[in-house]
Amino acid sequence: MATDLLKTFVQMCNYLQDPRHVARFQKVCGVKGTFPVKPSEPDRAESEPESPVLRKRGPDSSVVNGAAGDAKGMQGDITAGPDFPSVDPDTTRAKPLRKNSLTGDVGQEFLIHNKFLFYLFTFGTELGNEMFFIVFFPFLFWNIDALVSRRLIVVWAWNLFVGQSTKDMVRWSRPASPPVVKVEVFYNSEYSMPSTHAMTGTAIPFCLFMLTYGRWQYSFLFGFSVALSWSVLVCVSRVYMGMHSILEVITGFLYSLLILAFFHPLLETIDSFYMTDRFAPLVIIVSHVSLGLVAFSLDSWSTSRGDTAQALGTGVGAAIGTHVNYQLGLLLDPQLSSLPLTLPPISFSLVFLSLLRFVIGVAVILVTRMVMKAVTIPSLCRLFGLPTDDVRQARQHMKVELPYRYIVYSVVGFSCVSVVPLFFKIFSLA
């Protein structure tokens, strides 16, 4: 009985991992590839799909356009002909917005028949990228609820660490292309199981819902609907982009809920420790750096691995900023007696002040990030005797990338939580 159940489970996983399901979903959503057809084997991609369970990348190989192989045949513009007929006026030719973070590959041109879904899912996938978090966490911290924001950062950092570490142990490559169309190629050369976009796209909205329900005045149905819609949009967008199979997205969704179930009861204890314990800064630095060393030692450098160190570095800075604010009496969370909180009446002055804080604060963070990046990378290269003329190559060394991410983003996190609010207070913007 147990053997039959296991066999059925494996068969179901193999079915959900099949890249042809991703390709079919893309076709339904109006995405069409421009793959060159070889006369000798026109149906090879459809008739002989690669085994999803055995689809692992070797230590010295790279995955190009979703499968290991030659990238040259997957690039170049298309022209009208028997294989690529003229494009109708409602169809848009497009290429991935960002080139591959490791290989520099710009990706292959594809056709978009449904512009609404293209923009919708592009927005959805951006909800899991760096720039969104640079915008979202500070806005939440400066304008709405600092307590919720700093606890979300804890969940975000741990979520990325666990997800990326799992990727490096499972080592599945991206869905094969063809048949999948690579609408995005930025993370294409990296491992894919589970989807960390699906994980963060689930953890952040549901944790936000769990932290604010009862603390802020709104209905359960409204909060749950927003969280679920956010999560579904991010998860489905990863299939649309051709970055993940259905199995990888489902796994990321469920994995994230498991992590959230473990961490949510501990968030108040962690937050209290960060604020009050005199050894908190030392524990914060040692624990987060140790986690980064573990994540970086599992496999070779990649952009998503760097993103993990970035999240951990941000967590370090935000946690130390929380400690400093509390010790200096600058951390003024609302009293429990004032709960539940309600949004103040929307007025021109409120909107203007919120936008002013946001614009000034983000400007400070971006300038801080730019200056720290310009100083840190050359300094680390000189320290370790590496050439400074090729930043991409230098950052593939753990001894450069790990301290770079930690130093830069710990300063960014500290600035967001401590420096910028102090600036607001001095200039009466708080």
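Cβ atoms here come from the backbone N, Cα and C positions, even for glycine.
Since this is a predicted model, take the numbers as computed values, not measurements.
Noted in TrEMBL for the protein shown:
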- 36-99: region 'Disordered' (REGION)
- 116-142: transmembrane segment (TRANSMEM)
- 153-264: domain 'Phosphatidic acid phosphatase type 2/haloperoxidase' (DOMAIN)
- 220-240: transmembrane segment (TRANSMEM)
- 246-267: transmembrane segment (TRANSMEM)
- 279-298: transmembrane segment (TRANSMEM)
- 346-367: transmembrane segment (TRANSMEM)
- 406-427: transmembrane segment (TRANSMEM)
For the transmembrane segment (406-427), the distant same-chain contacts (Cβ-Cβ under 8 Å, at least six residues beyond its ends) come to 137-138, 141-142, 146, 150, 153, 288-289, 292, 309-322, 324-325, 330, 357, 360-361, 364-365, 368-369, 372-373, 376
Can you work out which residues elsewhere in the same chain, 6+ from the ends of the transmembrane segment (346-367), have a Cβ less than 8 Å from its Cβ atoms? 134-135, 138-139, 142-143, 412, 415-416, 419-420, 423-424, 429
What average pLDDT does the predicted model assign to the domain 'Phosphatidic acid phosphatase type 2/haloperoxidase' (153-264)? 91
Tally of residues which DSSP labels helix, strand or coil - the domain 'Phosphatidic acid phosphatase type 2/haloperoxidase' (153-264): 75 helix, 3 strand, 34 coil
